[in-house]
Amino acid sequence: MENQHQKFISRRNFIKTSALLGGTAFLGTGLPNIKKTYSKELDYVGNFEYPLAKPENILYSACLQCTVACSIKVKINNGVCMKIDGNPYSAMNLGENLPYDLSPKEAVSIDGKLCPKGQAGIQHAYDPYRLRKVIKRDGPRGSGKWKTIPYDQAIDEIVNGGNIFKDIGENQNVEGLKDIFVLKDPKVAKAMADDVTKIRKKEMTVDEFKAKHKDNLDVLIDPNHPDLGPKNNQFLFQVGRIHNGRIEFTKRFVNDSFGSVNWIEKTTLCGQTSNKAWVHSTREYLEGKWTGGIKSPRPDHRNTEFLLVFGSIVFEANYGPVQETEPITEGLESGRLKIAVVDPRLTKVASKAWKWVPIKPGNDAAFALGMIRWIIENERYDTKFLQNATRLAATNSDEPSYSNATYLVKVEKDGRAAKHLRANEIGIGTEKEFVVISNGKPAAVDPENSNLAIQGELFVDTNLEGIKVKSPLQLIKEEAYSKELAEWAELSGAKQKDIEDISKEFTSHGKKAAVEFYRGAIKHTNGWYNGQALIVLNHLIGNMNWQGGISNTGGGWSYIGDKEGQPYPMANLHPNKLSKFGVPITKEGWKYEESTLFEGYPAKRPWYPFSGNVAQETWPSISDGYPYKIKAALISSHSPMYSLPGGHVQLKTLLDTEKVPLLIASDIVIGDSSQYVDYIFPDLTYLERWATPGQSHHIRVKVNQVRQPVIAPLTENATVFGEEVPISLEALMMSISEKVGLSGFGKDAFGPGKDLNRMEDFYLKLVANIASGNKQGELVKAADSEEMELFKSSHRHLPKTVYDIEKWQQTLTSDEWKRVVYVLNRGGRFASSDDAYEGSFIKKKIPGLARLYLEEIADSRNSISGNYFTGYPKYLPIMDMAENLINDEGEFHLITNKEVFGTQSRTITNYWAQLALQPENFVVLNSVDAKKLKVDNGDKVLVTSTSNPKGEHLIAADESRPTIGKVKIVEGIRPGVVAISTHYGHWGYGARDIQIDGEVVKGEEVRGLGIHPNPLFRLDDNLRGTTLSDPIGGSASYYDTRVNIQRV
């Protein structure tokens, strides 16, 4: 593979255009020249002093080859990134991390752990297909024809609009961003936002709103529906992988400066249902409201004795292999840990397990409810924990948390469990108090009353003052008992004995057992209830906040300045900030019934009150113009055509200039989706930019890694607010702000005398907050003269466009600057791995309750079917949004997965990892199925589905390719299930020929090898090309498709 790649890129003229990195002097005739530089520098012998072991050649940063954002140690020579390892200061990458006060000069010889993707990040940065200049389409959208244009011209065109494509024969007057930025007055925006909230709560009518705001109704999308918000909302920013820091920078632009609600991330393509189910299942009850919650509790792997894994490939993906592999392996090696894995595919961790149960995809709740039945029948639940109804009761019984297992639930006449009973409803307390049965009588419960220690009865089915009530555990018992254990086993595809054995083992380790789950369990239409059932298993043994149980992350020091004494409260440092308001294009965070669009059921499209960042709903909603039209969209680090199930169906929307008149991308390459836009502005890779990502879910101590530029930027420069800076997403947003006149950027952006002219003016303030700590007495040390000199020498290769030390110092006080240097010299701020525990408990606890019943879910409806959701775990078959059963013909059930060396799009450039280890993916079958199909390893097969009966993947207006892949036969997959991994089968990213300024840039065939499974996934027949989705958590379905396979 390496020789093939060298042969390709050694041709001097393979990329002639300077718009791409491979056509510049930096790479010369290609990447082998960099390799020669490596060899020239490192092949010395004798007394040669190894340059990569010198502290002045080391910079610390944060990875972005996957979501985990490992802390990294970047080794540089002559300005070139030569090697990437883990940062030994960080507990993310070294189990017993180095003392934070250890000098970087002493730390230089110690490396932390890093996965193959992280080490291959060099090729992400130095990809010859990287975009350096702004390009504009030179033909119809998706034609593959481009031309370079000056940065300032591109900014002028997207801001001012007009007939900007007349040179290619298009006669369309495009509204520029300045024409969409209509609501400009912060006072008007605030008043309107407040009143839309009143409309939402039914405290104000639309007529009253219109009368009050009669002088400004022209700024609204539709004055008859003020809750759609201002015309500003017709600007969409959709982003994929983005981390803290950059999140706040872009939200500052989209939400606070431009005033659009449409900042949409890609989370429902990832683990959103898991996140939201955990958040609601760990909330606190404060001042009469459920609030807070933790989105991603995980097992304390270092102390767990029994780990039950559902649909999570912990050695290959999740959050992430670097953090999970070591404690799990140590536990297996020492005999401390026993593992069971419930997954249709034999994952790496399943190969080490005591039991592997190849479940039927989508039937995780059936297996979990079988376990719950066995646990209740055999009384193996933690009675003491579940009975504790208040925090004081938990404290008195030496428990760090408590549950709502005993909080009575009202049962409607039709048998539907609704909201919790409140004490005022039966005359024993207030509307903010719950009711339990304690000592045979109803008792009012305020969960946080520090003087109240109450224990409730677990199984209750009674009437109080004429109101039918049941306890949450009673409702769960009834669901679990609705089928015999043998029936649950049959539904799940497991053996009854496996359910019994695993249930017994799970309840044999006290608090030191845990259920871990992720995408495999929740990326289904029934994903919410699957996830909730697995969460309840953890709650039944009361393992929350215990060593070896389910625990919170260690968190970090606040980067946004919301702690007392921190120098930069970023939310308050934005004069003339606009108040965003209105329904997002995805209808997320809103109940259909509270909007003025409510006209009974079904709604025109789904609404997602309990989810956010519903990526798969974005483009179908744009296509339908519901709830309104989008006039301009900016896409960054996101590839909807590649990452969305059925994304190819939405290609027609991207290509339609009537649907989205102005389509812009900020991208490092001409990608699988950015190839269809009007303008592409080059962006920086993670080795050239800033962020403050936050830590992995699996670390129990504070971690604040800081992403900072470690190599010179490889994009062209531009002048923004009088400063020469590299073209990037930040520069693009700042240039738009400068041209349109938005608040929050440029002169006095943070307040009088506090400018935001360069991205460092923003990001260094975040680092200063981290250095300050969360409370008094937590300041990091100030860098001494030796550390200051090291800082200067290690940054010596960076140009002033990204490292102007005088301007860096000017954006902070002298004292803040020295402490920021101390943090940057270590790549962030890190607590010792010894700081994770307090006795038998996790030190940083989940503050809320273990909630077995979610009344807010039970009190809400599916916007399409009109039926109520359920507040406790239940078994549901696979259904569309209208609750029609999906019972497709198709011989095989399709699932997907990741390899440890691959991540969606960006790792296709990694010749050292993905392409060297496995240049293409496979259609993975069990040998039983291969015999039926009469296929062998390497045979090509066509894969088809109900939603794609011809097996065609549309990649252009008039071009498609077949969904054909090579067979790989394994024993480690359930018969009847077929697996196709992601991160292959590209048609952008340098995989095909394109044309720039009349020159053909040849694609590299190896980048397009393999089969992409997403075009095969089942679509919702009622929603015009939208994938099946979970109506509560909002996740797109990746595991509910049946396919047929035919040898070709």
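Even glycines carry a Cβ here, placed using N, Cα and C.
It should be emphasised that the depicted structure is a prediction, and the values quoted were computed from it without experimental measurement.
Cys66 ([4Fe-4S] cluster binding site) falls outside any helix or strand according to DSSP and counts as coil. Around Cys66 ([4Fe-4S] cluster binding site), the same-chain residues at least 6 positions away in sequence with a Cβ under 8 Å from its Cβ are Cys115, Lys117, Ala317, Gly320, Thr903. Annotated [4Fe-4S] cluster binding site per Swiss-Prot: Cys63, Cys66, Cys70, Cys115, in sequence order.
The Mo-bis(molybdopterin guanine dinucleotide) binding site annotation in Swiss-Prot covers Cys270 and rests on similarity to another entry. Sequence-distant contacts (6 or more apart, same chain, Cβ under 8 Å) of Cys270 (Mo-bis(molybdopterin guanine dinucleotide) binding site) comprise Thr67, Arg519.
Residues annotated as domain '4Fe-4S Mo/W bis-MGD-type' in Swiss-Prot: 56-129.
Swiss-Prot lists 1-39 with the feature signal peptide, giving sequence analysis as the kind of evidence.
Least packed by the Cβ count within 10 Å, out of the binding-site residues Cys63, Cys70, Cys115, is Cys115. Those residues of the chain, other than Cys63, Cys66, Cys70, Cys115, with a C-beta within 8 angstroms of the mean position of the [4Fe-4S] cluster site C-beta atoms are Leu64, Gln65, Val68, Ala69, Ile72, Leu114, Lys117, Gly118, Gly320, Val322. Mean predicted confidence for the domain '4Fe-4S Mo/W bis-MGD-type' (56-129): the pLDDT average there is 96.
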